[in-house]
């Protein structure tokens, strides 16, 4: 903070304008350094276009956290300078930052008119918690909602923006398909994660998983196109024993030509995973039929990981999953159940016809089943009335 020059006070009386200016200057310097009581306090971030901007946007620092299927408020407030601005001329626009200078439209409101876009239709609404509230609520949060959002408020020619990060509770898991390891380009990695009720993990999610103890010696794609792998226990076969633990990074790789595994991320389940009790073990096709007869389906790998991490499913019995792999979840490690660490044990991809195991089934929540029925009987959703807006999805500087 620059030092202030000595204050020269004349003997002439100060005008009201001079007093106001002095108060603002001293107020600025007085509040620049936090007191001990203020340190660590959660503060509001003020994002200002310039000193004379007509709109000032405030967004919460850090991130907001929810889980798949939940509802979450993305906080954003604004106020006018001057306060007499017409609220019906205020445009509120929310976008999701999908890449550098690439934005996906989410929600736009101008006065009483509103419009939603893409997968956000029917799931996003203004919180409307008093004047100056530009916050939106996302309902039935999906895995794809994870990420960074921009709140933009425009008043005629003046605008201001703030950012909110939406995080999800969940679990990261390494994945490779039946064809073997290092067989997936970036787009195939995206597909296999979706097939297992998951999405490609972000670097932040993989880093958090590493902090929680994830140790995996095979490199995998992340959602940003980079290839990384987490090492908690350095060893020679995983980048040398004398290197520090951490998330090893191969950098951004060619999405079409290069082949790796995948790191997937999944969150809360809209149902439950359970081990189907049977008198005898079965092959893969018999396992599929057994779950169907029980009113469910064979569980996906991502669903088993979510059940282990979030629902604390602990079962020391190997069983078929939908991708024809054999796995079982262990929350409380014991000697006869795969070693000293908790996790989902993986026995690989055995012969579909001759190898016999149990089976893990997945039963959807009743409301989720009803939602699927409603969606299947409805036609395409109609968009709301068009309003003046800029809906470009890319920005240049």
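Cβ coordinates come from backbone N, Cα and C, glycine included.
Caution: TrEMBL annotation is automatic and unverified by curators.
Summarising the annotation, TrEMBL assigns domain 'Ig-like' to 54-167. For the domain 'Ig-like' (54-167), the number of residues in each DSSP class (helix H, G, I; strand E, B; coil) is 9 helix, 66 strand, 39 coil.
Summarising the annotation, TrEMBL assigns domain 'Link' to 171-266 (among others).
For 217-238 (among others), the entry in TrEMBL reads disulfide bond. There are 14 other CB atoms within 10 A of the CB of residue 217 (disulfide bond), with all protein chains counted.
What TrEMBL lists as domain 'Link' is 271-363 (among others).
Sequence-distant neighbours of residue 337 (disulfide bond) (same chain, six or more apart, CB under 8 Å from its CB) are 316, 328, 330, 345, listed in sequence order. According to TrEMBL, the feature disulfide bond maps to 316-337 (among others).
Marked as region 'Disordered' by TrEMBL: 373-397.
For residue 316 (disulfide bond), the count of additional Cβ atoms within 10 Å of its Cβ stands at 15 [all protein chains shown]. If you average pLDDT over the domain 'Link' (271-363) in this model, you get 96. Per DSSP, the domain 'Link' (271-363) is made up of 22 helix, 26 strand, 45 coil. The number of other CB atoms found within 10 A of the CB of residue 238 (disulfide bond), across every protein chain shown, is 16.
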